[in-house]
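In TrEMBL this protein carries:
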- Y170: active site (ACT_SITE)
- H193: Fe-coproporphyrin III binding site (BINDING)
- 24-39: compositional bias 'Basic and acidic residues' (COMPBIAS)
- 1-39: region 'Disordered' (REGION)
Amino acid sequence: MTGTSRTTDPASAPARGGAQGGVHRFEDEERRPHRDPRDAVDVDFDAINSGTHYALYAVLRLDSALPARREDRDLLVDEAVRAVDGTGATTRGWYDVAGLRSDADLMIWWLSEDPEVLQDAVHRLRASGLGRHLVPVWSCMGLHTPAEFNPRHVPACLAGVAPRDWCMVYPFVRSYEWYLLEAQERSRMMAEHGRHGFSAYPDVKGSTLATFGLSDYEWILGFEADSLDRLEGVIHHQRYTEARLHVRQDVPFYTGRRVEPHQWAERQPLA
């Protein structure tokens with residue numbers, strides 16, 4: 001048997017009326033709303049592209065049990081939140097990554113125009129009482145750079161898009177040949193990639209930032225959606241594109257549900 005089965009390839013035509021086609025959960029993808037009342041309507045793309053915007057994803061593991069008394073846990077969490085807020089960093093969210101990773105329990109996403117503010121947020125979290133229970137697992141800082149082919153393609157986290165319930169973060173590195181291709185060829189492949197991604201999943205919001213020289217990667221991408229299956233779907237969908245031939249690395253993945261800090265603490269092992 002050659003080719004990909006039409007019953008398992010999400011890029012194939014969705015099944016309707018019992019006809020052969022893609023899996024049924026992709027059937028309503030084009031009927032999802034493209035606008036959400038939670039999000040800003042007027043976006044100043046020029047202001048975003050002319051500004052300096054950084055993001056930092058910090059992934060941590062719980063190294064020791066938290067206090068059993070709720071009052072003591074609340075004090076730890078409140079102290080940590082106040083310490084980080086005091087840096088001026090904007091917290092996009094705390095995410096419970098337990099179960100989706102065996103090596104991590106928490107991911108925090110911060111934003112700032114100043115990279116030192118983001119570093120300070122990490123230092124203050126680790127110096128807090130809660131931070132003494134946590135061990136760093138992975139982190140990555142990214143910088144917004146205007147998109148090469150479409151200046152209106154800006155990170156959702158900078159464009160007034162409200163945080164969603166689920167977040168998926170991963171870095172990636174392009175092939176050596178990618179940057180030597182003609183711009184028109186790269187534009188064509190990226191357009192196809194987009195049609196298989198955000199065009200098919202308009203409810204999934206993406207934030208792509210450059211991380212050249214800031215980490216071991218070239219780009220860091222955060223996807224947000226209100227349900228986990230939508231995140232899986234968009235990643236799965238984009239595997240069926242030519243641009244995938246020009247990816248050398250796109251791991252690790254860190255995925256979790258957005259939670260309040262106190263809610264996260266209550267879920268952890270207690271002493």
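Here the Cβ of each residue, glycine as well, is placed from N, Cα and C on the backbone.
In TrEMBL, annotation is done automatically, which means it is predicted and not curated.
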Inter-residue Cα distance where the pair is Y170 (active site) and the residue listed as 'Fe-coproporphyrin III binding site', in Å: 17
Around the Cβ of the residue listed as 'Fe-coproporphyrin III binding site', the count of other Cβ atoms that are within 10 Å: 19
All-chain count of other Cβ atoms within 10 Å of Y170 (active site): 20
